[in-house]
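Remarks on the structure that follows.
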Amino acid sequence: MDGDRSKRDSYWSTSPGGSTTKLVSDSERSGKVDTWLLILAFTQWALSIATVIICIVIAARQGYSMERYSMTVEALNTSNKEVKESLTSLIRQEVITRAVNIQSSVQTGIPVLLNKNSRDVIQLIEKSCNRQELTQLCDSTIAVHHAEGIAPLEPHSFWRCPAGEPYLSSDPEVSLLPGPSLLSGSTTISGCVRLPSLSIGEAIYAYSSNLITQGCADIGKSYQVLQLGYISLNSDMFPDLNPVVSHTYDINDNRKSCSVVATGTRGYQLCSMPTVDERTDYSSDGIEDLVLDILDLKGRTKSHRYSNSEIDLDHPFSALYPSVGSGIATEGSLIFLGYGGLTTPLQGDTKCRIQGCQQVSQDTCNEALKITWLGGKQVVSVLIQVNDYLSERPRIRVTTVPITQNYLGAEGRLLKLGDQVYIYTRSSGWHSQLQIGVLDVSHPLTISWTPHEALSRPGNEDCNWYNTCPKECISGVYTDAYPLSPDAANVATVTLYANTSRVNPTIMYSNTTNIINMLRIKDVKLEAAYTTTSCITHFGKGYCFHIIEINQKSLNTLQPMLFKTSIPKLCKAES
């Protein structure tokens with residue numbers, strides 16, 4: 001074993017080249033490692049110190065930058081504040097300056113310029129309107145017109161159906177339509193407003209009423225109020241009367257029994273100007289003065305007064321009055337219905353009914369036209385024709401309705417609807433039933449009355465609701481009707497539905513034999529007087545305005561009130 005170890009030691013101690021190799025001991029190797037570890041540790045320490053120094057330097061520099069940044073931001077804020085304050089001050093000064101200028105212009109400059117321009121335009125228009133050929137142009141300077149689709153109801157157009165036959169329906173019952181009423185009233189407790197007259201033209205309407213300041217006596221001094229306006233639709237899409245201009249005529253002129261016509265952009269009013277009471281007037285020869293008033297939409301008014309000698313009368317009259325209800329406009333003339341007493345009675349046979357009446361003859365009917373209470377004068381209806389009504393001085397001609405065509409002369413109304421003229425007269429005599437028909441104004445003048453059995457009016461005991469036999473009497477009340485069908489067989493009206501008393505005003509839609517649909521205004525005891533009904537269409541749908549003199553019983557005075565209904569027309573399907 002020892003020999004082998006000596007051989008092994010000899011091998012490791014000699015190099016292959018034969019030189020001797022010195023072996024490194026374990027202690028020597030350990031010393032070198034420690035040296036390198038020491039060097040590495042020192043290097044790490046040095047790097048750490050350098051890193052700390054670098055961080056300190058960087059931090060110092062950053063602190064300086066932050067301080068400079070803060071100072072810069074503060075300086076910018078200060079500068080921004082100064083600029084803001086400067087701009088605000090400048091803007092405030094500019095705004096104040098401009099506001100002062102605007103205020104000055106609005107309060108002073110613009111009104112002055114507008115007034116000047118308005119005066120210039122008005123002067124130019126008035127200068128132009130003085131020329132005859134520009135009259136129509138000047139009339140149209142104010143654009144006032146009914147709402148689109150609204151027109152006076154024309155029976156030939158209304159009373160038809162796309163299929164089937166038209167008829168008045170009882171279901172549902174008519175009801176009052178909501179909306180305002182702007183009819184003129186009184187400012188005194190005892191004031192009385194009478195004789196409403198309404199005319200609806202193609203563009204505007206005219207409404208007139210008589211205001212007596214104390215009580216309701218006809219001869220009492222009174223104002224006459226004439227309104228012009230147009231028909232609009234309210235928020236419920238129902239029609240309303242909207243007055244545009246109103247004129248009140250002097251109380252000292254004492255206009256009475258006025259009738260109106262609306263045509264173009266003007267309203268025309270024909271009135272009597274009595275100086276005595278009615279009975280005294282009938283007992284004397286000649287008539288009281290008439291006056292024609294003209295009002296336009298600018299509020300300008302003109303009046304023409306006519307004495308008995310200035311009127312072309314076809315017969316001598318002791319009394320003559322416009323008929324309260326509306327008149328009509330035709331080519332170049334206005335026509336008002338009137339009534340009055342002839343100085344000398346006409347000869348001929350009047351409208352009469354003998355069948356079913358005891359001890360009655362034609363003479364009974366003829367004599368019934370001569371009213372004892374009015375001095376025995378024969379009371380007739382007339383047409384009052386105002387010719388050349390656009391001229392400086394219109395002319396008036398009076399034509400008597402032949403007694404052969406008429407009942408007792410009385411208040412009434414004319415309507416021109418389409419090509420036909422309709423006439424209504426108050427049933428003041430023995431004939432109590434509704435008097436409405438078609439008037440032919442050509443020569444000879446004729447009336448085709450439509451017999452109505454269902455509608456009548458209250459009257460005195462001898463001539464009450466049911467009376468149909470001839471006798472002398474003067475009674476009744478003005479309750480006109482509006483024709484819905486071309487033959488005036490179907491009508492809209494407000495009747496005082498009572499036998500002898502002026503009570504129970506009731507809106508009625510009726511044909512010749514039956515009351516189809518009706519609405520009582522309040523109750524059977526409500527007192528009323530004159531009523532007038534006018535109807536329109538809105539794109540074919542029919543509506544009626546009803547104006548009723550209602551007795552304000554707590555004040556014992558009359559005041560017209562406006563009501564509106566929808567026409568209950570339906571179409572019967574063909575079988």
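Note that Cβ sites are derived from N, Cα and C of the backbone, with glycine treated the same way.
Values in this document were obtained by computation on a predicted structure and should not be read as measured data.
According to Swiss-Prot, the protein carries these features:
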{"type": "COMPBIAS", "residues": "1-10", "note": "compositional bias 'Basic and acidic residues'"}
{"type": "DISULFID", "residues": "Cys192-Cys216", "note": "disulfide bond"}
{"type": "DISULFID", "residues": "Cys258-Cys271", "note": "disulfide bond"}
{"type": "DISULFID", "residues": "Cys357-Cys469", "note": "disulfide bond"}
{"type": "DISULFID", "residues": "Cys463-Cys473", "note": "disulfide bond"}
{"type": "DISULFID", "residues": "Cys535-Cys544", "note": "disulfide bond"}
{"type": "CARBOHYD", "residues": "Asn77", "note": "N-linked glycosylation site"}
{"type": "CARBOHYD", "residues": "Asn499", "note": "N-linked glycosylation site"}
{"type": "CARBOHYD", "residues": "Asn511", "note": "N-linked glycosylation site"}
{"type": "REGION", "residues": "10-14", "note": "region 'Incorporation in virion'"}
{"type": "REGION", "residues": "59-140", "note": "region 'Involved in interaction with F protein'"}
{"type": "REGION", "residues": "254-259", "note": "region 'Involved in neuraminidase activity'"}
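Features recorded in Swiss-Prot, as mapped to the structure shown.
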{"residue": "Asn77", "record": "N-linked glycosylation site", "DSSP class": "helix"}
{"residue": "Cys192", "record": "disulfide bond", "DSSP class": "strand"}
{"residue": "Cys258", "record": "disulfide bond", "DSSP class": "strand"}
{"residue": "Cys271", "record": "disulfide bond", "DSSP class": "strand"}
{"residue": "Cys357", "record": "disulfide bond", "DSSP class": "coil"}
{"residue": "Cys463", "record": "disulfide bond", "DSSP class": "helix"}
{"residue": "Cys469", "record": "disulfide bond", "DSSP class": "coil"}
{"residue": "Asn511", "record": "N-linked glycosylation site", "DSSP class": "coil"}
{"residue": "Cys535", "record": "disulfide bond", "DSSP class": "strand"}
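Highest local Cβ density among the disulfide-bonded residues Cys357, Cys463, Cys469 belongs to Cys463, counted as other Cβ atoms within 10 Å over all protein chains shown. Under 8 Å, Cβ to Cβ, and six or more positions away along its own chain, Asn511 (N-linked glycosylation site) finds Leu168, Ala454, Ala489, Asn490, Val491. For the pair Cys192 (disulfide bond) and Cys535 (disulfide bond), the C-alpha distance works out to 26 angstrom. For the disulfide-bonded residues listed here (Cys192, Cys216, Cys258, Cys271, Cys473), the lowest count of other CB atoms within 10 A around the CB belongs to Cys216. Cys473 (disulfide bond) and Cys544 (disulfide bond) have their C-alpha atoms 32 Å apart, to the nearest angstrom. A distance of 16 Å separates the Cα atom of Cys258 (disulfide bond) from that of Cys216 (disulfide bond).
Here the CA atom of Cys463 (disulfide bond) lies 30 Å from the CA atom of Cys535 (disulfide bond). If you count neighbouring Cβ atoms within 10 Å for each of the glycosylation sites Asn77, Asn499, the highest count belongs to Asn499. Every protein chain shown contributes to the tally, and the Cβ of Cys544 (disulfide bond) ends up with 24 other Cβ atoms within 10 Å. In this structure, Cys544 (disulfide bond) is part of a beta strand by DSSP. When other Cβ atoms within 10 Å of the Cβ of Cys535 (disulfide bond) are tallied across all protein chains shown, the result is 24. Within the model, the region 'Involved in neuraminidase activity' (254-259) carries an average pLDDT of 96.
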